[in-house]
Each structure stands twice: as C-alpha cells, then as structure tokens.
C-alpha cells in the first residue's frame, strides 16, 4: 500500500511549513525541514498569522515553550489556517506535565480543527483522559493500550493521531498502522519528536490522505535514523545528530522501501 513516493513529492514541491514552535528546537526543526526539501518559516508574531495562513502549505503548532502571547498567536494562526483550508498539525509537548499545558491544549482543540496530532504515549494519554504518569515532556509510564488511546483521540477530535515510541502507532480512528523502525539514539537528542511533527506536516502538505502521509513520514524518518546510526563510529548522541541531518538529506525511496517495517490493519481489535 505504501510506495514511499511522498518523499519525492516533498522534494519536488518544497512545501512551505509554518512552524510555531519552541525555542529549544527551532533551529534543528528548520534544518531538518530544509534537509528533506521542505521550506520552513519559523514565525510567531500574532500580527502576521492571518497572512501566513494564506501563504503556508501546512501549519505546525508546538507547545514546548509556552507563554500567553504565543498561545494567542497559535489560536489566530490555527483559525486562519482552517478558513484557508491549510492543514494543521499539533505537537502537544508535555501536555500532561502541568495544568496550564492541559488547559492550553484543550483550548486549541476546541478552537482549531487539527489534521494530525503527534506526540508520545504520555501526551496522547493526557489528551484522551487516560491514567499515565508524566515525566516532564518525556513519555513517562502507563498501562493504557496505546492503540486504544490513538483510536479514542482520533475519533473524538476527527484527526490523525501519531504516537511516537519504540514502535510508532498511527490511526485515523478506523485505520491503524505500526512502524517498527528507528534508532535507539533518537530519544537521546532533544527535539527529535518535534522535528518528526514538522516532517509529518510536510508530507501531509503534499498528500490529501493524512493517514497515509503520516505513516510514510514516520517510516521514512525512522529508517533515516537507522542509516545515520550505521555511520557512527561511537554510539553517542553528539555524533549522531549531524549524521542524522545528513541522512535526512540523502533519503531515498529505495532505502525506505528496503528497511521499512510497517504493519497495517483496518480496525483495532
């Protein structure tokens, strides 16, 4: 079902990805998007959100480092993107960590129709109202079924859900896929999940089926990380980061097809 040609579409079209993101990851996200052939813009002034919504091919909202002005900009941008027909991706970083983050995400979900939501299991469990022990912005631990969480959030908010982890889970509420790829070094570099949200956004920008786009984005991203790890002399995060950027830039459809481990099903049983 997956031919992994969306990567070539991203390179061909160079979608403009508007990121309202956090101060920790902005540089890495921009460079990662450039590496895959997308065109990033990192803008958060509320005064220009309406204009950017008409220009951008996708909007990616990341709540990693929040403040009141930024939240206002997110809401303006998201509403304007909905009016313009621009897809919107939410990365609810650390939503389960504080009551303020939970409040902001609930407001965003109430005011904006999101095409996709990408986060770790703890973040999506918080949105689903499932018990989970959050650990700051990390996944933490919990016993809830990840597929059930994905299904619940996808159906409640009419969106595609991407839950990142050792095995990524993607669902639109009726279709489900698991991607069992990825380097163990990815969680050891800050912002790897945030960049994945932006990469998912760039794939969604060139494909009407957000579920298919998200599965291909996750698989391609994870396979690239595996190739980066192969090039390492020492399995250390500082050495891995630049090699991963290079791997993103040298992605090929053939490499992804050769290594992607995708399990797809039509329903969650």
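Yeah, the Cβs are placed from backbone N, Cα and C, and that goes for glycine too.
Applying an 8 A CB threshold to same-chain residues 6+ apart, the list for residue 42 (substrate binding site) reads 19, 21, 26, 29, 30. Annotated substrate binding site per Swiss-Prot: 42, 191, in sequence order, evidence recorded as sequence analysis.
What Swiss-Prot lists as ATP binding site is 118, 164, and the listing cites sequence analysis. Long-range C-beta contacts of residue 118 (ATP binding site), restricted to its own chain and to partners at least six residues apart, with a cutoff below 8 Å, comprise 89, 90, 91, 161, 162, 163, 164, 193, 196, 197, 200, 214.
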